[in-house]
Structure formats: structure tokens, C-alpha cells
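Undergrad: Shown below is the structure under consideration.
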């Protein structure tokens, strides 16, 4: 069951395939969470995250906390919104509904701007909404894992800063950080939350996020205490600052093994220009999307400008059923995911193409995936019309 | 940097030393969190936890969630207390203060029953407090990691059930589950929260807990929604029940690597009678406590009945300073911890003796620790009076 063993290629939109060196870092011998060697590893990891998010502004603040990506929503909702605050949630699928639930748990008032499935809210309607009400936060799912829809951050940020400059712009980047270009400083983002197990290429178990100095200031001027204990910036901010300054500090015990794996993964990612990494993801995505089109299939995201580069959501042909197709693909050595958007979950499949499956020239995961999909559909009786 | 490399023995009260097989499980190849192989592993892990907690009552409910031990406090405070509920917190050190902060974050009203450092609240004063007010919950730190004080659960439970039978009895077992006897059913406990990295012997990153059917019912009859999103029973309960029934289910992505490690560790623990495991921890603890006494040193917990079996907190001789002693012990190949109780942090050290350092006959961690302590004190100029 070791990292080297033969196993089917995991090509779902997260968790992804992990590099063997990353997996081996997981079995690092036990260290004290406040001892100098681990404190240095954690501190370097936080500094490397600044590079991944392309931020050099010293007021930006990275957080790495044991938890899943979902915890990032609590970090935002319990610290950056206060009870009664208005929040505008751009809706491109399943995850906007959950993020909204999270905001409501902590007392914020949510307005959703919903796009039809496979699309995203357009700038003019966002502008209209921002002019109607004063929003404390606007949230956008950069890549919605349920639909494969990519949102455009640069133009959105320009709009928000022009129309409602006090509104904090928060990005759910769980399925985008590490495979889509994110220029935290240049695009004036206020928060990007993500998780370890997707394009960052480290096993699940870490909530990873970056906040602007403006967001941290907004937190510090709250009138009410944070709504969560485990997700409280008040508890974590000094810890993150101390670790990055290589000073031991304690609020809750971090996971040295996961931090080592993240350190290894970030070191690998940052060993080449980020632009090359993003270009590789775009190229591979184009290859897969071309294969899908050649098969006569449609994506949920119909407009090429709305299509994510790290995953593809594909409508199945009428007569092909998920419970038949996915097990057949598994036999061919690749694991795809079923649908997640509740309205159409049985009608589409999702394939992830992130991390080493894209960047490691020794892997043939993507070619195998395309061949398996072609053969699987053919064996299910599908022929291109 | 692999698990097999030579490294100093980590003898702090958590994280502890991990077995190589557990560490190797951390580097399991990537699996889908909703695929049959991982769902089976997670389901078995939950079932094994029932055995570790000695519960056969089918209404008992285990939870395993990505996070640190601290998350367990949020699980209790956000789900089992409602805003305005009175909570009685038995105070034996640092962790009762933090648990109280957590309750207050979610709106509960906390009354602390404080014992002098090194002691624990006594049954008569607890009885008096329970008669003064109707408490929704009573919490006790089974072993306080900051003081090494062990609380007595059986008699406490008898008292609570006699005097205030509606009060839920919640145990913070972060530093006790896996090394102290806990009979969840027999002692009629309502909640025990713990973490992976102490006596359970699995790397940090998992919040592990068990609740009684009565606690779950109490949750289900809440008048207000849970105060947290990430720590909400509403979100997690169906997920845990589905995984244990070997059905795929999704709220937030679990960490397959950590769950594999926990599966390995629980399999090892349950391969022998639990009574043997607890006896081994008691014997090793006695050996260390005798060595401490032979050195003429005192423990924080002065009454032998209040002394934990998985750790020892030791007052330093007047002229021996932590910043001199601990680095010298590290040179001798053992890592101890400094003090944590804020009032006396510089005056004492803590040594953990849990898990494989106690149970694996191939290890000499404990003997090395005793010899290192003797030599370290002698080199610091200390002589027994």
C-alpha cells in the first residue's frame, strides 16, 4: 500500500495524485510542534505560500490550519463578517450554497447572485447588485468544483474597487490555487481560501488561506468577537506570525507530517516559474476539452472563457449511466468523479487535471484518461452522432 | 528524513513517538474520499473507535474530523450547549481556561470550579455547585496536559447522575484516550473528545470524539441552530453514519492519509486487550515517578491518586533553568517539554510516556529519558538534598 505501489490514477477534481516525494514527507518521524526544526519548516512553508499567491505586500497574512477546505469558509464568515453584515455571494454551483449556509451560521445576511448552470454571474448584474446595497464582503468561487466554471477575478476586482471600494473581495480558490493564475497583490484580492489536496498537491487535511492587510484591519476593527473559536483569527493570527518569524507558539497542535508534505510540494512548485505551471495546466486542459468535443460531448461550461483549466465537467450521452461508466473506467486504471450539482448530478461526470498528472513528464495519466473515456463510452454503446 | 532515520525520542505529552507502520500508512497513495476502498477504511476506523472507547451501545456516535484536538471543544460548545445555557467547567489547569473561552464564544455561561495548581476540584464542592444551578453540561479534563493532573471519572459520573441527572458529562480526553481506562458505557459518559497525536499514536490532524445517544438527542432537540458551520453535528452526523455503513458521503474532504494512519494505529492497539495497555502505562508511569522521587524532585500533582499515567509534570530544582536543561537533554537524545501553566511555566518540565515508547519492548525511550534526566540535572549542578 506504499506510495510506489501500482494504483489507478486518481483524476477527480481533488484529492489529486501526489508526488512520491510529497507522500514520503508524510511519514516524517515525530517532532515537537514547538521545537526549532519544525518551527523552521512551518515558517518556511508560510513564506513559500506568499510566493504561490504572488504577494510581496508584508501586510498580507497566510494561514495554514489543520482542517479541510471547508474550514476556510468559517475563517471568512466568523472573522470578516459580523452578525447583520450584508454579503454578496456569486453563485456558480454547489459551493456557493454551502458558503452561504456558513455565512448564515455566523449571522451574516446573504444575497446570492445566481447564474444558470454552467455559467457565471455577469459584470453588469454584479455592478447593479453592488449599487443596490452596501456589502461588507463579496465572494466568488474561482473554480466551482461542481460545474467546472471558472470565474474571472481581475475584471471582477476592478469592478468592485470602482463601484464599492469598501467591499472586501473574497475568493474561494479551493479548486484553483496552484493551477489557475492568481495575482493576489496586483488584483487587490482581500482573501483567498484553499485546501491542500487539489492543485497544491499535498494530501488533504490543511486549510490554507491568504488575507490582505485590509482584511486583517477589518477583522481588528470588529465590534463583536469572532463567531468561532477554532476558526478565530484572534487565536491564530499571533501563531502564524510567530511561526513565520521562527518563534515557537501554541494555540492548537499543528500536524508536522502534513506541514512537511506541504513544504515539499511548495518547494517543488516554486522550483519553476509559476507562469510555466499555469501554461501547462491550460495546455492539458485544452487537450482534454478537444477530446471531449471530438467525442461529440458538451461541457457544463459552454463558453470557453468560463472553462476551468484544472478540471472538466462533461455531460454524458443520454444512454450512458454513471454507475456503468465509472466502474468501467476504474477497470481501465483511471478514477473520474460523478456529478455534484444536485439538480443534474446523474447527468454528468467530472475529470480533474491538476498537479503532477499535468506537470510530471514521466506520467501518462491524462493520455490514459482520454483513451479510457473514449473506450468506455464506446463499450457503453455510445457513438458520436 | 524517513520514519526509520535516527532521531531524538519525542517524550513530550504529545505529539508522541509513532510506530513506523503508522508513519508508513501516512504515505498511502491517493484515493478518492468517496471511493469504496477508502470508505471501507474510514468505516472500519469508526467501528474500531467504539472498541477503544469501550462502548457497545449502538446509539453512541463516533466522529473523526480533520482538525486538531481543539476542534473538539467547538464540537461540544457549538452543538451541545445553546446560547444562555449554564456550563460547569472543572478546572485543573490551562485547558479549562481555553475550553471556557470556547463555550463563551458560542454564548454559553461558564462557571469554573478551580482547584489549586496540581490538584483537582473535590466531589463535595462539585456536588454543592451542581445543587446551586441547573447545568446543561459539566466538563472535566481527564488528564490536564499542563499539570499532569488526572481526574476521576467514575465517581464523578455517579455524582452527576445522582445529583443532576439531566446534566451531560463531557470529558476532555485529549491526553488520556489510549493510555487511561475510559469505560464510555459503564461510566455513562456523554461525550469524550480527543486528538490523534497522543496516546492513540497517530500523527496530529484529526479531532476524534464519541458522544452518547443522550448527547445526540440533546443536540437534536436544540431550539437554536448549531453555532459553528465546520464543527456542526448537523453537517457531520450523516457523514459519520454513512461512512460507518460503508456508504459514500460528502460534506468536507477527509484526509485519507491520516485516516489510514489512524486505522493502522487502532488495529495495533486493539490487537491486545485494552487492560494490558492501560496496565503497561501505569507501570511505566510508576517507574518514572519513582525515579523523580529518587532524585528528590516533586510533581505538580502531589497526591498519587491525582497523577496521570501517560505524563509527569515535575518541578525543577531552584537553580536549574529550562533553557539550560532541555537543550542538554536533547543532546542526550530525548525531548522533554517546558511548563505550560502560565502561573508557573518556567518552574517545571513535562515528560510524556504514552504509546509505543511504553508498549514497544524494542524501544528504550523511557530508560533513556530517566538516565538523561539524572545526568542532565547532575550536569546542571543539582544534587539531591
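Glycine too: its Cβ is placed from the backbone N, Cα and C atoms.
When I checked TrEMBL for this same protein, it listed these features:
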DOMAIN    A:28-342  domain 'Aminotransferase class V'
MOD_RES   A:198  N6-(pyridoxal phosphate)lysine
BINDING   A:350  substrate binding site
Undergrad: At a 10 A cut-off on CB-CB distances, which of the recorded positions A:198, A:350 has the highest count?
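TA: Checking each of A:198, A:350, the winner is A:198.
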Undergrad: Take the C-alpha atoms of residue A:350 (substrate binding site) and the residue listed as 'N6-(pyridoxal phosphate)lysine' and report the distance between them in angstrom, rounded.
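TA: Each residue's Cα considered, residue A:350 (substrate binding site) and the residue listed as 'N6-(pyridoxal phosphate)lysine' end up 14 Å apart.
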Undergrad: Return one of helix, strand or coil for residue A:198 (N6-(pyridoxal phosphate)lysine), based on DSSP.
TA: coil
Undergrad: Between 0 and 100, where does the mean pLDDT of the domain 'Aminotransferase class V' (A:28-342) sit?
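TA: Looking only at the domain 'Aminotransferase class V' (A:28-342), pLDDT averages out to 97.
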